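Everything on this sheet refers to the single structure shown next.
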């Protein structure tokens with residue numbers, strides 16, 4: 001299937017006549033949503049069965065138990081792909097071990113002006129300046145209730161929460177809290193997103209004074225002790241990351257996600273953005289994909305070393321191959337997420353990564369993926 005995607009669909013999607021990336025993204029979600037909501041159709045059920053055969057790969061050596069949640073494999077869908085849970089029950093059929101929905105905000109918002117999503121094929125990257133476009137926390141909570149997780153087996157869902165654009169920075173903690181209140185009984189884990197470059201001032205919430213206010217109020221509302229994680233930017237210096245780690249320890253936060261998109265443009269091959277004709281350094285937004293591979297892995301390794309491997313890490317940034325995934329895991333990530341790799345390589349990427357990880361376990365004489373976590377630091 002991966003070869004079909006590369007040889008047939010990839011050239012169409014990335015041709016000179018390619019459709020707007022955001023439009024194409026919506027068409028994929030609409031298709032998955034249709035399959036998801038027509039489970040009473042014999043044809044649709046046949047499609048779902050075929051999808052499972054094509055994309056799913058299971059082996060007990062890939063399973064982990066983290067935060068008392070069972071992950072069938074370590075490869076998750078990164079947030080941004082299914083912000084509103086439009087295809088909420090389809091991600092297991094595509095082979096994922098978990099899916100993170102969102103980013104969702106308390107207030108429904110349209111996001112930034114279009115065009116706001118661009119592919120950079122020369123760099124195997126994506127530039128986005130979406131701006132947390134979503135239908136709001138209440139709508140996502142309703143989606144969870146309607147769908148009621150139709151899967152007959154447990155599948156972990158994360159919920160990534162951001163600040164509403166209309167909410168002043170000084171009121172950010174309340175904004176995050178209101179979203180959490182609406183969703184706390186829906187997701188299996190929650191993420192405090194203070195690292196997107198596409199909401200004015202959001203990254204300033206990574207400073208300890210601002211972040212502490214958010215991390216102080218959420219646990220009070222967290223009666224069921226759901227895991228809460230913090231997602232950080234790749235552009236932080238190690239000193240700032242260490243300060244966030246100290247805060248995470250202080251408030252007994254469950255983990256950290258490294259990393260979000262980068263605003264760094266230095267090593268990009270793309271100099272002019274074809275869609276606008278402007279220099280890439282003048283284009284706002286965050287870069288995901290291959291340019292992030294090395295830096296995100298470095299940060300994962302730093303966090304693992306700073307915490308002596310005691311703080312669970314979800315690694316994300318430039319994962320295209322099983323080698324990329326292995327490097328993230330051995331640097332210290334218990335779980336990983338993909339987004340841009342899925343865009344460029346299609347749904348077969350998950351199965352390819354999982355099969356490659358098993359080969360790595362065999363090569364190193366390991367019995368489970370959990371034994372590989374942080375291996376490069378030992």
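A Cβ is built for glycine as well, from the same backbone N, Cα and C atoms used for every other residue.
Quick look at what Swiss-Prot annotates:
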type	residues	note
BINDING	79, 80, 81, 82, 83, 103, 160, 193, 231, 259, 289, 318, 339, 340	FMN binding site
BINDING	83, 128, 129, 130, 131, 132, 193, 198, 260, 261	substrate binding site
ACT_SITE	196	active site, nucleophile
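Sequence features annotated in Swiss-Prot and their locations in the structure.
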residue: 79; record: FMN binding site; CB count, 10 Å: 27
residue: 81; record: FMN binding site; CB count, 10 Å: 21
residue: 83; record: FMN binding site; CB count, 10 Å: 21
residue: 129; record: substrate binding site; CB count, 10 Å: 20
residue: 160; record: FMN binding site; CB count, 10 Å: 25
residue: 193; record: substrate binding site; CB count, 10 Å: 26
residue: 196; record: active site, nucleophile; CB count, 10 Å: 25
residue: 260; record: substrate binding site; CB count, 10 Å: 31
residue: 289; record: FMN binding site; CB count, 10 Å: 25
residue: 339; record: FMN binding site; CB count, 10 Å: 21
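Between the alpha carbons (Cα) of residue 83 (FMN binding site) and residue 196 (active site, nucleophile) lies a span of roughly 14 Å. Within 10 Å (C-alpha to C-alpha) of residue 231 (FMN binding site) lie the following recorded positions from 129, 131, 193, 196: 193, 196.
Within 10 Å of the Cα of residue 160 (FMN binding site), the following recorded positions from the list 129, 131, 193, 196 place their own Cα: 193. Between the C-alpha atoms of residue 131 (substrate binding site) and residue 339 (FMN binding site), the distance comes to 17 Å. Among the recorded positions listed (129, 193, 196, 260), 260 has its Cα nearest to the Cα of residue 289 (FMN binding site).
According to DSSP, residue 339 (FMN binding site) sits in a coil region rather than a helix or strand.
One way to see the shell of the substrate site is to take the Cβ centroid of 83, 128, 129, 130, 131, 132, 193, 198, 260, 261; the remaining same-chain residues with a Cβ within 8 Å of it are 80, 103, 111, 162, 196, 197, 199, 285, 286. Ranked by Cα separation from residue 129 (substrate binding site), the recorded positions 79, 81, 196, 339 are led by 196.
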